[in-house]
Amino acid sequence: MPKEKPHVNIVFIGHVDHGKSTTIGRLLYDTGNIPETIIKKFEEMGEKGKSFKFAWVMDRLKEERERGITIDVAHTKFETPHRYITIIDAPGHRDFVKNMITGASQADAAVLVVAATDGVMPQTKEHAFLARTLGIKHIIVTINKMDMVNYDQKVFEKVKAQVEKLLKTLGYKDFPVIPTSAWNGDNVVKKSDKMPWYNGPTLIEALDQIPEPEKPIDKPLRIPIQDVYSIKGVGTVPVGRVETGKLKVGDVVIFEPASTIFHKPIQGEVKSIEMHHEPLQEALPGDNIGFNVRGVSKNDIKRGDVAGHTDKPPTVVRTKDTFKAQIIVLNHPTAITVGYSPVLHAHTAQIPVRFEQILAKVDPRTGNIVEENPQFIKTGDSAIVVLRPMKPVVLEPVKEIPQLGRFAIRDMGMTIAAGMVISIQKGE
């Protein structure tokens, strides 16, 4: 049985209007993966005799977007010779950041789209910082709209130098920089004949070489719970995605913060594991599973709890504890000061938190302190802060278990900040 191709999740980032949607559209169009709904519309319009034009497809995708329907994520799967690629999101989406952090899919790589006409813009930087904060290890850069600068190598080299400077200061190494015109199809899927001076990969070739994501099986078991079912004749069945470690039938698992809240261990033996309605003996990172636990009732656990082994239980931050975090403020109408109390979204948990201290403003590129104990922080700032949860929650330092160390901060229906847990301070 040949080994299945690795699945890789990618996100598209970059400044508004630099061509993210067009690039996604071109990838789907040239690989024959345009959403069914659009092909149907084309047929309904009786356009049979006319060629199925890229511009027309982009207009339909734009209409769907404006009606609030982004290209349905389910459609944006395509294959390269060595990879199954899923485009999990693109930042036109209001909940882009929250989805990237709490979504079922952590991105393995990001495609940063930069327009040759503009070069590096504020959002280019912000999205690059964000990719770094979210722990995205691999970046592919496209310098897009090359048709608008007459496919000029000098312009390409100039913008490429700007982007390289930005990404290298963020710690990215060895990333391809590809001159493209998504609108005309140059170097997205098909090699361009307009830029003989470029001999690197096309975008699809670069996507085909994204390193296979490693499965963190050696880390302690962590399964954030999405739902809990009570199934007749079986018992309590929590459902969630294994983030780290492995779960075997017969293991004893404990749930947190449930055990902390009820002041007694909520734990039991795993009697069975199921994935896609098939029984499993062992579940690994990335597996979405249901598992039956002896002696745990449906009322003991809920979404946001995390299952782990009893010898290395999930870390609970209680209301008397605090945690130190590095955050990047993405969108706040005024300024954040001590006492601000928004909602923290981490893995499947959502809990109110309070800003206890703002320790420092930092340079997001180097991590160096720019200002100690600032009075406030605002949109665009990176900072080291101390937060206190208003309800117990499982969080892990990002250096130990990154999957449970990243979070979004939301308020007023929008994502205010993204961050990562540096350390946890236990209160007495």
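From the backbone N, Cα and C atoms, a Cβ is placed for every residue, glycine too.
The GTP binding site annotation in Swiss-Prot covers 14-21, 89-93, 144-147. As annotated by Swiss-Prot, Mg(2+) binding site applies to Ser21, with the evidence given as sequence analysis. According to Swiss-Prot, the feature domain 'tr-type G' maps to 5-217. Annotated region 'G1' per Swiss-Prot: 14-21, in sequence order. Residues or ranges marked as region 'G2' in Swiss-Prot (evidence: similarity to another entry): 68-72. What Swiss-Prot records for 89-92 is region 'G3', and it gives similarity to another entry as the kind of evidence. Look at Swiss-Prot and you will find 144-147 tagged as region 'G4', backed by similarity to another entry.
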According to DSSP, Gly14 (GTP binding site) sits in strand
On the region 'G2' (68-72), the mean of the pLDDT values is 46
Cβ density check for Gly14 (GTP binding site), other Cβ within 10 Å (all protein chains) comes to 26
For Met146 (GTP binding site), the nonlocal same-chain Cβ neighbours (under 8 Å, six or more residues apart) come out as Ala116, Asp152, Val155, Phe156, Pro179, Thr180, Ser181, Asp186, Lys194, Met195
Under a three-state DSSP reduction, the secondary structure at Lys20 (GTP binding site) is helix
For Asp17 (GTP binding site), the nonlocal same-chain Cβ neighbours (under 8 Å, six or more residues apart) come out as Ala115
Within 10 A of the CB of Lys20 (GTP binding site), the number of other CB atoms across every chain shown is 24
Using a 10 Å radius on the Cβ of Ser21 (Mg(2+) binding site), the other Cβ atoms enclosed count 20
Whole-Å Cα distance, Gly14 (GTP binding site) to Ser21 (Mg(2+) binding site), is 11
